[in-house]
Amino acid sequence: MPRMLAASAAIIATTLAPLSAQAAGCEMTLHGINLSGAEFGQPGDPYGQGYIYPSESTIKAFADDGFNAVRLPFLWERLQPTLNGTLDATELSRIKDTVETLRDNGMVVILDVHNYARYHGEMIGTPNVPVAAFADFWKRLSAVFANDDDVIFGLMNEPHDISAPAWLAAANAAIDAIRTIGAGNLVLVPGTAWTGAHSWSQTFYGPSNASVMAQVVDSSNNFAYEVHQYTDDDFSGKNADCSKIDDAVSALNDFTSWLNANDVQGFLGEFGTTEQIQCLRGLKQMVDVVQQNPRAWLGWAYWAGGDWWPKDSPMIIHSNPRDGGTQQLRTLQPVLGSNTTRASCNTKS
């Protein structure tokens, strides 16, 4: 490509967010896309049938569109088939090859363990999946990419049905394991309750993320909080409506205030809408919150793209514009590729 698309109403141009405050030597605002596929299926499914990593052509298409980051979901069980065991060499090679392709295209990668705080369906912190096993996984994975400025560690996708104190203990153990082996990479820390911005201050799991997650401990002080936010009726992103646009934008503004009050930074790791006009308006408003608050936000990653999404998937931006998602891309286009320095993050330490 690239796809030169006419811009919709202008989105505020990005101001450089100091990613260097979180990832040494790298200053840019992350304008990302979730490239889905490696988290699909069940752990035992054959590669290429049950799951897939993004192809080189897909990665190049999104890089040419101006995206400078990819959130890369994958399954813990595939990479570490036995708790506390070695990483599977074949699966690790697939991840490393994908990272290299992203690097070749000038993109930062967020390694996203897409497991909802579970391993084979059992919660982290239970007898069969102790916190130490989660820390062990991150010790092993972080050693592979230690101090690569263009590799960010996303601790876990959307923990849920676990209390904030229990999740905090697991997150702190993983961060400690990462730092103990000498990896200084930026770490993205979610909360519980699906890490929704809308649920950040809610107490239906017990103490809120807002009251608990400020107690993250990182000896390198190189982390940011990851939240997700959708605009449909239940904030899940699974429905085609966008009836909660105002609530979603308000939630992001409230989370921005929490970030500023605690002198920390955030990352909007998932958000997206359908191509209905009112939904696109909400999409722009959510991007505006991040773009207008560069001291609080490192950036965002749209959900989603990837090789295996059906053409009729309502929120998906396809690498081939004929397959759908062009209206969402038009809405994001004004900030893609603007005021970023991808090359500064595209080096291995």
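Cβ from N, Cα, C; glycine included.
So that you can see what the record holds, here are the features copied from Swiss-Prot:
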{"type": "SIGNAL", "residues": "1-23", "note": "signal peptide"}
{"type": "ACT_SITE", "residues": "GLU158", "note": "active site, proton donor"}
{"type": "ACT_SITE", "residues": "GLU270", "note": "active site, nucleophile"}
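Counting neighbouring Cβ atoms within 10 Å of each of the active-site residues (GLU158, GLU270), the lowest count belongs to GLU158. Rounded to a whole value, the Cα-Cα separation of the residue listed as 'active site, proton donor' and the residue listed as 'active site, nucleophile' is 10 Å.
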